[in-house]
Amino acid sequence: MGESNVLQSIVYQRGSLRLLDQRKLPLEVVYIDVKCSTDGWNAIRDMVVRGAPAIAIAAALALAVEVSGLDFAGTPAEAAAFVSEKLEYLVSSRPTAVNLFDAATKLQSLVSRTAEIEKDAKAIFQAYIDAAETMLVDDVADNKAIGLHGAEFLKQKLGNSKHISVLTHCNTGSLATAGYGTALGVIRALHSGGILEKAFCTETRPFNQGSRLTAFELVHDKIPATLIADSAASALMKNGCVQAVIVGADRIAANGDTANKIGTYNLAISAKHHGVQFYVAAPVTSIDLSLPSGEEIVIEERSPKELLNSEGGLGKQVAASGISVWNPAFDVTPANLITAIISEKGSGGGGGGGRRVRLSAASRRGLGLPLTLTLSALSRLPLRALWLFPALRGDLDAGCPPPGKTRKRGRGGGGGGEDRIGDLPDGILHQIIGWLPAPEAVRTCVIARRWRHLWKYATGVHVSDLDGEEAVPMEKLQDFLDHLFLLRGRAPLDRCWLSFWRVSESAAAATRRINLWFRHALLCQVRDLLLGFWNAFQPKLDDLPLVSRHLVNLHLSGVHLMHNFPDFSGCPVLEHLGFMSCDFSDAKKISSQSLKGLKITSCVFSQVFRTRFYVPNLISLRMEICWYRTPVFEVMPLLADAYVCVTNQSGDWHSCTSGDAGFVECPCDDCDFCHSNSNGVLLQSLSHAKNLVLFSQEEEGPEHDDKVEMKGSCSQMERSSAISKHLKLVVIKCEAIDGSIIKILKFLSTFNIRKITSNTIHSIYTSEICIHSFVK
């Protein structure tokens, strides 16, 4: 509980972090130990800790605990890269809350600057720990400031009312922050000032943060409170029981649109209808100026179990089996439904549509709320969003008119009367610049004043360590890209292509940096992502699952995939996936519910286990020339086209541990390593394909007669279930009919194939199966 019996979700002392397991409240008060960033990631993802401010601080402190006792022998630059990599991992735990991203960005910038001046890696870690601890202290102070500003603002807005009642949603108190709370902090301040008559809190389904957590805090602090069902809020407002609704925020866009717990939008609509004021209380770190509107906010979807089972997914099943589930964790409330946004700097008018954001009388300054932000955040602000804040207009380029105004031609505009491309709208220029190599895209900033910042919003980033035929030193490329991604922030990307031809094993620090650039592209909502290493070096990708609600196409070349990376369940719109010259020897399972196209070329699989592909909605498969154990594809009922090419370098016999290693093929029919029926395993996987091509390109094969007979008769009952009724044509292409082909033919003999002649090219149609034989 902490000092003075105050609720604490985060209990920290240097080298030690304990988080209150909020899933067990209010019946149990249990703290769990967090010893590393992985523990922190799991605690955030599993909602042991929740609330945007608390998530950010818990993540920062989890890494602080990890590095406090870390025995690190690298350079300061490598230490900074280590910290940045871990922060990127932590950011992937929950994508909607901006506080976590903002904290990670600031801490990454800190360690990068420190690495430039310090000579000891320990100094990097110490600087990080100090900064993370400062965040903890500052959050409590900021929350108390939010409470004081909010209480004064509500008192002024509600006029002569001596007592007011308010409604809140979800949990925004000590359990969601480092202490005191945001929206609940305002309620605490109203109660301390003797103004609050009653606080109403919703149950906040499906995870019940209101009934389990907010009610717990209100009772703990002896604040008069009443719990209501989510669906009772409109009736409560209609009866005049509340004068204001006050909620928190996970992310606020540049125009004031606010993402918060699911159900907030409903409350805002009802408040508007009943004339009840609607307030958002959140720290300035919740404002994301890189997003022009709420339409750009990534909305996290939670597990279906939270709706299917009782107790927010922790209890028994209560819904009918087989019902589909849509369970977004957040919704977005438009700015025109928000009366004001309250921060630690004051409170500003909502309303969107270009209305000025003003601080309350408490600050006594007519400055816009965004002026409290850092210059680095300001550099990410889209030009059209700047016009929402009149206090900034004096610093704007004279050549940038507000939306809807006609741009005048002049010497500072598009480069003079002959500049035709300068007449194009910014959006089209962003797309044009996006097709340029990254260095050339940045150089467009010198064309004219109007072009100064266009490159920051280019829709594509194309990076290579080759400049024509010349290699770009990795140190130079790293410096350029670090600044590129820092300055463009999280401006959305259609494409990000990262190609490397000269990276070697000696550049371990560089590969860590490349991992960071790769992950940063995901945070920029990239749709088409390519990462390619085109030499003999195969770097290991971070052993972290990908999380992106925008990624559609992913192409990887020359990389080593670790165990967790190929879990694409966090990429719900991923449709096309390509692997070339990749190493799957540590990847046991590749899974994606949304994948439609898969291409695997010249890849290495494990010698010990079979990699399993779970891609139930796959339509097209192409697999060519792969090594070691044949992968297993789980059932693919929608598969339409499949092309599988193997050579004498492919197949399970290369991993056999029995007999002579020189055997072309294992003689054991029941070998656990080879499974001489592995071709049957493959065909089982492809059984639903409507068009199937099996292609064998043997360089050498055993001698055989020109004529191969398959004797015996197979009854209808003995036909293998591997061949689907949908399969109309099987094409087997080979240069020689050897033992491997014979095995396949034996398998297909259940469909009454009797003979194949190999002294020329034949097409034999028997039971709707076509076999092409190519011999030398």
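Note: Cβ is positioned from N, Cα and C throughout, glycine not excepted.
Marked as active site, proton donor by TrEMBL: ASP250.
Mean pLDDT for the domain 'F-box' (423-456) in the predicted structure: 83. Here TrEMBL flags 423-456 as domain 'F-box'.
Per TrEMBL, site 'Transition state stabilizer' is recorded for CYS170. Remark: CYS170 (site 'Transition state stabilizer') has ALA176, THR202, THR204, GLN209, GLY210, THR214, VAL247, GLY248, ASN260, LYS261, GLY263, THR264 as non-local neighbours, by Cβ distance under 8 Å and separation of at least 6 in sequence.
Across the domain 'F-box' (423-456), the DSSP tally of helix, strand and coil residues reads 25 helix, 1 strand, 8 coil.
In three-state terms derived from DSSP, ASP250 (active site, proton donor) belongs to neither a helical nor a strand segment and is classed as coil.
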